[in-house]
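**Student:** The structure's right below; bear with me while I get my questions together.
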């Protein structure tokens, strides 16, 4: 019913009553109400109005692309007056001047001019949409990562069991594998040397501490026993000399232990870590190589050709990785061997000269040995933290 009334107002059709009079008092009120309900709004450039006579049955569509002007806004007071639910205004009072309705005036005054509500809704929803897209992207990336990891783990596990039960082929470099086995055996032997050297250090440290305590006891007794003063004094001096030489030898042994520990637990361990990466790359390479071989002997339809192409790409990627790590392992093994010979030559010579000079009682030769190998002794009490560190 509202659309019919608005369409009548927009087309400005005036019906003819039964006695031929084309204007009535009600129609005068209609014209003045139309002036009241016309408010500013967007042009109706892309709409159409369905029109028809009040009494006729013919209907037509009038394009409004050429109509310029204000849009028509619904007026509830006008609607109520047309439906008969509100008292009709006085025509004579309207003929003197048009007084706008209070409710229409307040409605127009309170209406926002720039339609901020849609823009506010858009601005509030835009960050949420961006956050949802970012979260969705992270989830998809994690899913792809888990998917790739699962496929790779399945292929490698299958290859490993095939090699274990003798059903699969394995890429082997006999010369490199022999060098790796020698390195692992050498590391085990050097770990044994390191363990024994640490035990020797602990035992010798305890012996030096015992000699120092024994020398202090002899010195104390030489003061309290006049009849044995010379004998206690000689022994006290001997124990103090042995204690001093023992501390010098202990510094040389500690330097030996530190160098062996660096060689075993850092240099060799780094090379073994690279070897472990190489072995994993070899397993992945064989797994994707086997997968490509199985696809190559299968059917050659369109779907199979796509799978073969993808398998070929993965095979090439893992082949490049395997060859790169193979080269890295060969280079590290070569440098490790050179470094091991250099380090052990120096440390074994130091250990031999220091121990020989100590047990020969040659204090000057012992000190010269430490100066030759740039071994610096720590002063007594240097291992204890300072009073600032204890706070």
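Using the three backbone atoms N, Cα and C, a Cβ is placed for every residue, glycine included.
OK, TrEMBL features for this one:
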REGION    1-27  region 'Disordered'
REGION    85-133  region 'Disordered'
COMPBIAS  96-109  compositional bias 'Polar residues'
COMPBIAS  116-132  compositional bias 'Low complexity'
DOMAIN    171-371  domain 'AH'
COILED    308-339  coiled coil
**Student:** Same-chain Cβ contacts of the coiled coil (308-339) under 8 Å, 6 or more residues past its ends?
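**Tutor:** Long-range Cβ neighbours of the coiled coil (308-339): 171, 173, 176, 179-180, 183, 263, 267-268, 270-271, 274-275, 277-278, 281-282, 284-285, 287-289, 291-292, 295-296.
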**Student:** Note the mean pLDDT of the domain 'AH' (171-371), expressed as a whole number.
**Tutor:** 91
